[in-house]
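So that you can see what the record holds, here are the features copied from TrEMBL:
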type: BINDING; residues: Gly102, Ala103, Phe135, Asp220, Glu221, Ile222, Gln223, Thr278; note: pyridoxal 5'-phosphate binding site
type: BINDING; residues: Arg138, Ser277; note: N(2)-acetyl-L-ornithine binding site
type: MOD_RES; residues: Lys249; note: N6-(pyridoxal phosphate)lysine
Amino acid sequence: MSETLHTTSAVMNTYNRFPITIVKGKGSYVWSDNGAQYLDYTSGIATCNLGHVPEYVQVKVKNQLDLLWHCSNLFEIPAQQELAQLLVDNSCFEKAFFCNSGAEANEAAIKIAKKYAKDHGNGKRVEIVTFSHSFHGRTGSTMAATAQTKIHEGFTPLTPGFRYLTLNDSNALKEIDNGKTAAVLLELVQGEGGVNPVDISWIKQLETICKQHDILLMVDEIQTGIGRTGSLFSYEQYGIEPDVMTLAKGLGSGIAIGALVVKEPVAESFQPGTHGSTFGGNPIAMTAGIATIETLLEEEFLSDVGRKSEWLITSLKKLQESYSSIEEIRGLGLLIGVQMTDATGNWIAKFREKGILVLSAGENVLRILPPLTTTKEELEQFIAAFQELLIENDSQTSI
Ligand SMILES: *Cc1c(COP(=O)(O)O)cnc(C)c1O
């Protein structure tokens, strides 16, 4: 049926979609058009971090829907100030700019990095360094920032000004400053690229080099932020203070939103006329963002995520000890990668037959993204299903 849907649909064929149609979601579960229930451990790719249709956010957004949807950034928007304040009060940053997506947040980061270098007498610093297996978005500049040739194919000439180095590589550190580098942009745990965490000692050295040369350290926390890795923002766990952070995915609990969050001196480089967005910072998205952050700041919320993460990683490592199909467990918080010995397509389909949705990331990596609100029982359900699949797989391969 989905085959027919693809070939007859007026929607462009830009995604390999799973053969189910989700029509409803609540908490950790979604339901398909034929009534089947699934445990959603994709969370809309780390977007529905509070589960589907979280009530606190829902009520606030519904109220806002009755008041005002849009009024353009030519007017004061108090909810923007409120969300910006929440973000800066709970981070090392001082100012925020709002947009509508991850790519748009990274575009803003790329722009402000170039402007900052010029504003600070570093006009020759025009390059941005990114790293192997990164993912920063699909627009012109963010695609060029993404150091994966498969994503560039067919789209040359790429936006110039990006230089790619190897993540976690000590030689890369020597090449950060070539006199032309304005900024470094990286994910602290690469999401799409295979769930690859950055080494703590490596990023600390990287931070020192950046500070020495006034190169901006920019963290793409679009997937790692908003509690996903167990702290509000992932950088907190690395003992670093970046100059720039980008957010999107989880920030609106599923309502489209993006944010560029920066240190004060960086913020100076955007003034009226230098950057903007029609929909960015609209009252609906801001309300969703405020309610989302308020939920994450509730006592015990993030420490709970830590406990769930520990249990999940320990359980997965036990499975790894018993079953040869699992090669490695990687990740932080509830952004978990399970490196398998073979392609993930079959595993994802088998999970789906058991009523569980999971994703892949890069080669042979299953990406497990439970809602941060998932329960112990749901985590147990997931591990039990995984074990059954591993047993089935072993009995098949031994025939
Ligand atoms: C999803 C993602 C993006 C792109 O976000 P969009 O909202 O799809 O534009 C950029 N960087 C990272 C790390 C992401 O996970």
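Glycine is no exception: its Cβ is also placed from the backbone N, Cα and C atoms.
Here the features listed in TrEMBL are painted onto the structure.
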| residue | record | CB count, 10 Å |
| --- | --- | --- |
| Gly102 | pyridoxal 5'-phosphate binding site | 27 |
| Ala103 | pyridoxal 5'-phosphate binding site | 23 |
| Phe135 | pyridoxal 5'-phosphate binding site | 26 |
| Arg138 | N(2)-acetyl-L-ornithine binding site | 14 |
| Asp220 | pyridoxal 5'-phosphate binding site | 30 |
| Ile222 | pyridoxal 5'-phosphate binding site | 30 |
| Gln223 | pyridoxal 5'-phosphate binding site | 29 |
| Lys249 | N6-(pyridoxal phosphate)lysine | 27 |
| Ser277 | N(2)-acetyl-L-ornithine binding site | 17 |
| Thr278 | pyridoxal 5'-phosphate binding site | 11 |
Nearest recorded site to Glu221 (pyridoxal 5'-phosphate binding site) by CA-CA distance, among recorded positions Arg138, Lys249, Ser277: Lys249
Entries of Gly102, Gln223, Ser277 which, being binding-site residues, have CA atoms within 10 angstroms of the residue listed as 'N6-(pyridoxal phosphate)lysine': Gly102, Gln223
Neighbourhood of ligand 1 - binding-site residues from Phe135, Glu221, Ser277, Thr278 with Cβ under 6 Å: Phe135
Cα-Cα distance, maximum over Gly102, Ala103, Phe135, Asp220, Glu221, Ile222, Gln223, Thr278, record's pyridoxal 5'-phosphate binders, Å: 25
Rounded distance in angstrom between the Cα atoms of Gly102 (pyridoxal 5'-phosphate binding site) and Arg138 (N(2)-acetyl-L-ornithine binding site): 9
Cβ neighbour count within 10 Å of Glu221 (pyridoxal 5'-phosphate binding site): 30
Euclidean distance between Cα atoms of Arg138 (N(2)-acetyl-L-ornithine binding site) and Ile222 (pyridoxal 5'-phosphate binding site), Å: 13
Cα distance (Å, whole number) from Arg138 (N(2)-acetyl-L-ornithine binding site) to Gln223 (pyridoxal 5'-phosphate binding site): 15
Nearest-integer angstrom distance between the alpha carbons (Cα) of Arg138 (N(2)-acetyl-L-ornithine binding site) and Ala103 (pyridoxal 5'-phosphate binding site): 7
Assigned element (helix, strand, coil) containing Asp220 (pyridoxal 5'-phosphate binding site), judged by DSSP: strand
Alpha-carbon spacing, Ala103 (pyridoxal 5'-phosphate binding site) to Ser277 (N(2)-acetyl-L-ornithine binding site), which is rounded to whole Å: 13
Where Gly102 (pyridoxal 5'-phosphate binding site) sits in the secondary structure, as DSSP reduces it to three classes: helix
Per DSSP, three-state class assigned to Phe135 (pyridoxal 5'-phosphate binding site): coil
